[in-house]
Amino acid sequence: MALVPYPLTRPFLFGMDPEAAHELTLGSIARFQNTPLQCLWSQSRIADPVTVAGLRFPNRIGLAAGLDKNGRCIDGLGAMGFGFIEVGTVTPLGQPGNPKPRMFRLPEKNALINRLGFNNEGLASFLANVQRATSFRRNGGLLGLNIGKNAVTPIENAADDYLIALAGVYPHADYVTVNISSPNTKNLRALQSDAALDALLGALQTRRLALATEHGRSVPMFVKIAPDLDEAQVRVIAATLRHNGIDGVIATNTTLARDAVAGLAHADEAGGLSGAPVLAASNRVIAQLRAELGGAYPIIGVGGVLSGADARSKRAAGADLVQVYTGLIYRGPALVPECARALRG
């Protein structure tokens, strides 16, 4: 149990610029992880082991990519009780992302808007951080590594970046996620279209099979998709995942829709909206994916989870596992065991 209840620290953090608060929090976790001060935010891990995509997860609740883009805080974040953590998105080369300000709170709706743009230190630094993390994986936690393309890489050459990133992260990942759904990298979502997706996933699957032979183990590969898809688009994506032998899907990323936050301060800021307003759209995509892909295909649900009941709604829609991010910002570490208990059994 955390020694400092999050409701006491949240007003201080929410008094800061959102990105500054984010960096302060990550910096503190990075500094004090694996020390006695980790007890300030640690939570007991709820045991609920489950096998998905051939991996044994300690429980069904994970951290979504984007919170720890550079993999600096894997052990510290793991102390919150997660069964699995996904870090990144990492690109082959470091890049600053979009101009600031680029993160905005909408507290009336427990939501965020961000247009960060895959800001990260690049593959070499990312892998060094991942290799320094020890306690989370030693205690059974699983690690997903999320990959993307550099902003300067033309969309027609996107596969080159993904292949470089896949080869780099493969030896260090329990699973790899291919992020083709961030709205904050120009034209990235075009990779979700029929021919482009088929070509990209075919190239990645060919490389992954070669890497499996090279490293003597098969690392599952997931694809993360957007909530802003109609039924026909989801149907095509599901068929393309199957056709290319992709192991699983993560649904969903942030949304461009603003209906649920219209009229609020910052609602018209460009970027992806996350948090409570995304729950219904994300669950709709999850439910259709489950219908299209069948009962055994691995689905990780993410988007709008701020309570145990929200986590259960993801399971009811068809998700095997559930991730949180924005909910952690609004609810704090206690959200993790709450969701794990709600998903148990």
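Glycine residues also receive a Cβ, built from the backbone N, Cα and C atoms like all the rest.
Spatially close to N179 (substrate binding site) yet at least six residues away along the chain are A65, G88, T89, N146, I147, G148, L188, K224, N253, judged by Cβ distances under 8 angstroms. Annotated FMN binding site per Swiss-Prot: A65, G66, L67, D68, K69, T89, N146, N179, K224, T252, G275, G304, Y325, T326, in sequence order, evidence recorded as sequence analysis.
According to Swiss-Prot, the feature substrate binding site maps to K69, N114, R115, L116, G117, F118, N179, N184, N253, T254. The DSSP secondary structure for N179 (substrate binding site) is strand.
Here Swiss-Prot flags S182 as active site, nucleophile, drawing on sequence analysis. Sequence-distant neighbours of S182 (active site, nucleophile): residues of the same chain at least 6 apart with a C-beta under 8 Å from its C-beta are T89, G117, F118, G148, L188, R189, N253, T254, G272.
Y325 (FMN binding site) falls outside any helix or strand according to DSSP and counts as coil. Taking the Cα atom of each, K69 (FMN binding site) and R115 (substrate binding site) are about 14 angstrom apart. Sequence-distant contacts (6 or more apart, same chain, Cβ under 8 Å) of Y325 (FMN binding site) comprise L63, A64, G66, L67, S274, V302. Among the listed binding-site residues, namely G117, G275, the Cβ with the most fellow Cβ atoms inside 10 Å is that of G275.
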